[in-house]
Amino acid sequence: MALKETDAKIHVERGDHPEIYDEAYYDRSVDHKNEILDTLAEMLQNATGKTLRPTRDTQTVLANNEVPQSSSGLSSTPTTISIMDLPNPCLNASSLTCSIKGVSTFNVYYQVESNGVIYSCISDTITKLGNCEGSSELPRSFETVPVVPITKIDNKRKLSIGTKFYIIESLENYNYPIMYNSRPTNGTVSLQSVKFSGDCKISKTNIVNSYTVSLTTPEKIMGYVVKREGSDMSHSIISFSGSVSLTFTEENMDGKHNLLCGDKSSKVPLVDKRVRDCIIKYSKNIYKQTACINFSWFRLIMIALIVYFPIRYLVNKTSKTLFYGYDLLGLITYPILLLINYLWSYFPLKCKVCGNLCLVTHECSKLCICNKNKASEEHSEECPIITRTAEKNKKYNWASIEWFHLIVNTKIGLSFLKAVTETLIGFLILSQMPMSMAQTAQCLDSCYYVPGCDRFVTNRYDKCPEKDQCFCAIKENSIVESNFLTNVVTEGPMDCIPYQECKGRITENALVTFVKCRFGCEYASIFQSKPLDNGFLEYSGDTLGLNAVNLHFMKRLRNGIIDFYNKTEKYGYISGDALKSNESDIPESIFPRKSLIFDSVIDGKYRYMIEESLLSGGGTVFSLNDKSSSTAQKFVVYIKKVRIQYDVSEQYTTAPIQSTHTDFFSTCTGKCSDCRKEQPITGYQDFCITPTSYWGCEEVWCLAINEGATCGFCRNVYDMDQSFRIYSVIKSTIKSEVCISGFVGAKCFTVSEEVPSESGYFQADILADFHNDGLTIGQLIAHGPDSHVYAGNIARLNNPSKMFGHPQLSHQGDPIFSKKTLDTNDLSWDCSAIGKKTITIKSCGYDTYRFKTGLNQISDIPVQFTDQNSFYMEKIFSLGKLKIVLDLPSELFKTVPKKPILSSVSLSCKGCFLCSQGLRCAASFISDITFSARLTMKQCSLSTYQIAVKKGANKYNLTMFCTSNPEKQKMIIEPEGDKSYSVEALVDSVAVLEPENIIDQNDQHAHEEQQYNSDTSVWSFWDYVKSPFNFIASHFGSFFDTVRVVLLILFVFALAYLCSIVATMCRGYVRNKSYKTKYIEDTNDYSLVSTSSGKDTITRRRPPLDFSGI
């Protein structure tokens, strides 16, 4: 009996739908070009329409797309076959049986059945797919903007704008045939996260609206989106060509959004639109700015005051008439009333006689707070609202109607009910009130090579022609160009890249020789082995600094092909990302102020001991005072970040299985060994079933009973968009990024618990108080696509245990641990009488990704991997103490004896003016003495106005905010206490770097807004209130700020006491009508009183006053 081919097809069940796959064709022993030709040959059909499986031992593959001679003998010469001449079932999906297997943001993965064979296809369009099963999931159209995959997990949270099916051609040992946009190739399918790609320029528009930017691109189409980190933006992509204006909404300006456009990313800074509009409208007028910014509060207060008095009068007048309403409201709020009255007996600031509120002085009212009896000491002992004793509580039942009426009618209860009524009426009233061209190669004059086209073209290039439009011949000593359109021949000197001897690596022809001449051997090799379908002519890659080779691979990524994961990760870095440069290093306006007193004097230096809690965002502004110095000197310590650095080792990557590709072969007779002759063992995920030919399960022309075998393998399609990388923890170290500013300049540095930081005048060290965060040495952690770290039950490498961590892959999706052979629990098979056999794959290898729900998220803050071996995890709690030792020479606090001499003065700046980022300046000079100095400069404000100059070389980092370019302007260095000794430093150079960030970078009002925020901050106001007590507090050393607070509290109480006395006297004077009562001075004298009739009365005059004793 002869072995016979079967039209086997595969039925794969995954999720809630079946998946069908075609036979795999395999010949992986030849190079990449021959593999594609092998696939094309297998698609040829014979005259009967039967698909033939070619015999590996006899098949011959010819160069230049030639196929072997036909077995029928009809042709005696090789025939050149074009790809377009081959039958392509993927393009005929509308007339064939097809099924949609996966839909991404940019393409679709579907399969078509033709003559009993299933073909896998990927397409960027939905043309002719309307009749396919599952077509209801298709969108109206796919996005056509250029994108490239994101293989670096850290970038997915910020840059991902959707998903796309890709073909990975680098995994040669696991490839299978696939068609992408009708182009056949061998590879593996993978679903990847993607980001925009392309040349895009982001610039601020010079119009009145300061929230509008302009986006410009030389490409035919480009995409942009304003994305909040971690959000899904696949349905918010906006495409454009040329240029477009974008106006940010108030929601976009919350400091958590990024503008993504092509290869660039720009963070939308935090901007309060209401504040910025007022700053611009009322520039340089802080009172109008304050009124404008807080207008809503002023308006609310004014309306509330206008509404309050009429409502108050109405409620007081109707409280007795509408007592039923108050009873109903009291019944609703009875628990609250009961609690308030109960707690009042324990309130310390109440009068012991009448029970009313008493702060300092108090005049008792006629009625007690219970509003029932007269106020007296005897009644206060009986009043249940004032006194709480066990005997009195027994007399009252809190659920009785008597107790209810008592609680409702107390002064506390009645005031509460009136307040609730006033609030409800107020809300009711207020609610009704209105409120370039891509990289090309030129021969000599008008003949070019353009990526994506395998023909020589002229400068009239529109699309890739069918034949050469010109020709470029590389000779030994010259280059000859022939233009077929103009019949002009030009000869020029040999100017190729030297030393490009690569004949053994490439197949030479005229075009390849020319490409090697202009770009070198490496590019010529990939040009021949990895062609481009679409050259993306307008894309230059200048933003990412791509050379010819890297630009070619980037365009391959745009075409849906991943060649090398390592190169792809390098392309993941985004240009123009001003995320860090926008953040102010030291936001000192929100820090508390302290006076710093020296701890000791060592070798003529004042030693200051500073201790700060190791907490992110904390800091202190220290003032250094000395009797000999005229002004206090400022020293700012800012703990910018506190985080734990974990050193890890990468174990593997795991990802969910999106679908499965299966190939198998059936024999009528024989065993597995016979089947394996046609379907060799691949090394993993192989299977073989025998017998598969028996009564009721035979194929046509097969009469065998209890014979035959079905063997094959399966390959998974992984969803790398949801991949996790598994690491093992090796080591943990606490690190802190600390910034200092003040008279020692401005700089940021990193302090580790292992290595202290020492520079200039200070030394910084960490006293760690590590909190256990659940991560231990040797523990496995998972880094997810959301940039968070997870811990839990995770399988170790090469461990088949049923825990999260399978399938185990390399970071590029290459299986590194899997089953060699599938057992009976992993698959099932079925057949029909005189029909086709089907294989159902239950599980193609280990799959435990669903167990990710059992993992625990370690931190709410996303982590950032610095490389594959370490990452940082920020902490929101204190990790210990930061200790700084500051040693300052005593000369800094003394008046200089002479005018200092500065030499080798250098002052250079770079950055922008009229922007919030400012100019970052580096100053250096050599001084002959040590002194403290003040800095001033016209048209500029400085990050620090005081510096400490030491004898010898000095270097400082300063930030200047200027209204104009300060180049060639003078900075005045004024020694402490004597302006006559001032020296000047000239600004040597200013490199203006206008960042491509937006809104506040080119805004002339940015500095004014910063100044307003600083002047109106809570800390500034609090410091202003305490300032009258600075003189007294300065005598208490390090308790300076504490003494100021204590004195302020005492002053407030004294003022309240005085005001209370004055108010009591005035109230009594008015209440007793003393201003109407005459004072009758009657000591020993008397007056004649009139008789009852009132007649004959004589009044005695008062004797004259005697002033002799005065």
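Glycine is treated like the rest: Cβ placed from N, Cα and C.
Swiss-Prot lists region 'Non-covalent dimerization' at one of the ranges 20-38, 153-171, 457-475, 533-551, namely 153-171. The cysteine that Swiss-Prot pairs with CYS132 in a disulfide, picked from CYS98, CYS121, is CYS98. Per Swiss-Prot, the residue from CYS261, CYS278 that shares a disulphide bond with CYS200 is CYS261. Looking up ASN316, ASN582 in Swiss-Prot, the residue bearing an annotation of N-linked glycosylation site is ASN582. Feature annotation from Swiss-Prot across ASN294, ASN957 places N-linked glycosylation site at ASN957. Record check of ASN92, ASN1072 in Swiss-Prot: the feature N-linked glycosylation site is attached to ASN92.
Disulfide annotation in Swiss-Prot: CYS121 is bonded to CYS90, selected among CYS90, CYS278. Nearest neighbour of CYS200 (disulfide bond) by Cα distance, taken over the recorded positions ASN92, CYS98, CYS132, ASN957: ASN957. In three-state terms derived from DSSP, CYS121 (disulfide bond) belongs to an extended strand segment.
For ASN92 (N-linked glycosylation site), the same-chain residues 6+ apart in sequence whose C-beta sits under 8 angstroms from its C-beta are VAL112, SER114, LYS128. Each residue contributes its Cα atom, and for CYS98 (disulfide bond) and CYS121 (disulfide bond) these two points are 10 Å apart.
With respect to their backbone Cα atoms, CYS261 (disulfide bond) and CYS90 (disulfide bond) stand 33 Å from each other. For CYS132 (disulfide bond), applying a Cβ distance below 8 Å and a minimum sequence separation of six or more within one chain yields ALA93, CYS98, SER99, ILE100, TYR110. DSSP assigns ASN92 (N-linked glycosylation site) to a helix. In the three-state DSSP classification, CYS132 (disulfide bond) falls within coil. Of all Cβ atoms in the protein chains displayed, 22 besides its own lie within 10 Å of the Cβ of ASN186 (N-linked glycosylation site). Annotation for CYS121 (disulfide bond): spatial neighbours CYS90, ALA93, TYR109, TYR110, GLN111, VAL112, ILE178, MET179, TYR180, criterion Cβ-Cβ under 8 Å with sequence separation of six or more. It is CYS90, among the disulfide-bonded residues CYS90, CYS98, CYS200, CYS261, whose Cβ has the fewest other Cβ atoms within 10 Å in the structure shown.
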